[in-house]
């Protein structure tokens, strides 16, 4: 089965992002707004219990993270994904790297940039328009992230949460 | 915020149900296939930590449940919801009732029938057609349910998982 690991931010931030994703993200209906910690990977069902135990240890040995929404940015020219940049990059990258020590097949094509996708699969013209107009908006926001989720993908592309992990707590 | 409590069955069962919901359930995109344990209720954010502790105790004092998918049925004439009936009714009802002892506003209009919705908001004619054709299909399936989820609703009607609870285990 295909799994992924992600942070769902607060309802407030998700609602704000969804008001934009509705227009700019064709994958809007498949998963709520999130910060990807591990891109989708395949794992055999027989190995999932071991993996969950490894992830529990990573979560327990990490601390909650005060995240800041920074500015709107884009992965162009790699791809036309418009996103909210999430700080502090160092703490989120450290968590991402600790998760990388678990028995998860490495499927990551790009270096890790903590972000919440706002728009994707945009034409070059749409991309430039969206990026230009969003760069002028104020997205200033802070919140404490104290948990993340392990999800699996259904045949229709929708993601279901399987397990919640708490940062800095016994799971 | 509006919260709900639900069981997500296995991917296998969710995929099977989604192949039908796609055609018969206009709420298909808002939440994966699920067994509702508590219908949506409002709770103040300041009370959510207490409620989670209460639900943890309920989960710990309960046992995993071997569920059986029984037959397709309908809530008609109350409403035109077509669903998979889930057994054992007694064990699921007991869990539902234990959750009812938590500080959750009672918003339940109907008596508890453990089910997975397949179709809703159907016209009388659609309802009769769908029910007639699904009653001839074999849905025989069993699996062990060892967890349930607390979710909240976003402004766009989509549900996000906030917390996972394990049955019969320290949470």
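Just so you know, glycine gets a Cβ as well, placed from its N, Cα and C.
Small disclaimer: the values here were computed from a predicted structure and weren't measured.
The feature active site, proton donor is assigned by TrEMBL to B:34. Around residue B:34 (active site, proton donor), the same-chain residues six or more apart in sequence whose CB sits under 8 Å from its CB are B:6, B:7, B:8, B:9, B:116, listed in sequence order. According to DSSP, residue B:34 (active site, proton donor) is assigned to coil rather than to any helix or strand.
Residues or ranges marked as active site, proton acceptor in TrEMBL: B:115. In this view, residue B:115 (active site, proton acceptor) is surrounded by 22 other Cβ atoms within 10 Å of its Cβ, with every protein chain counted.
Positions annotated as motif 'HXTX 1' by TrEMBL: B:34-37.
For the motif 'HXTX 2' (B:115-118), the residues of the chain that approach it from at least six positions outside its boundaries are 9, 13, 17, 20-21, 24-25, 27, 33-36, 69, 72-73, 81-86, 130, 134, judged by C-beta separation under 8 angstroms. Residues or ranges marked as motif 'HXTX 2' by TrEMBL: B:115-118.
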Contacting positions for the motif 'HXTX 1' (B:34-37) when only residues 6+ beyond its ends and CB under 8 Å are counted: 4-9, 67, 86, 92, 95-96, 99, 114-116, 145, 148
The motif 'HXTX 2' (B:115-118): DSSP-derived helix, strand, coil residue counts: 0 helix, 4 strand, 0 coil
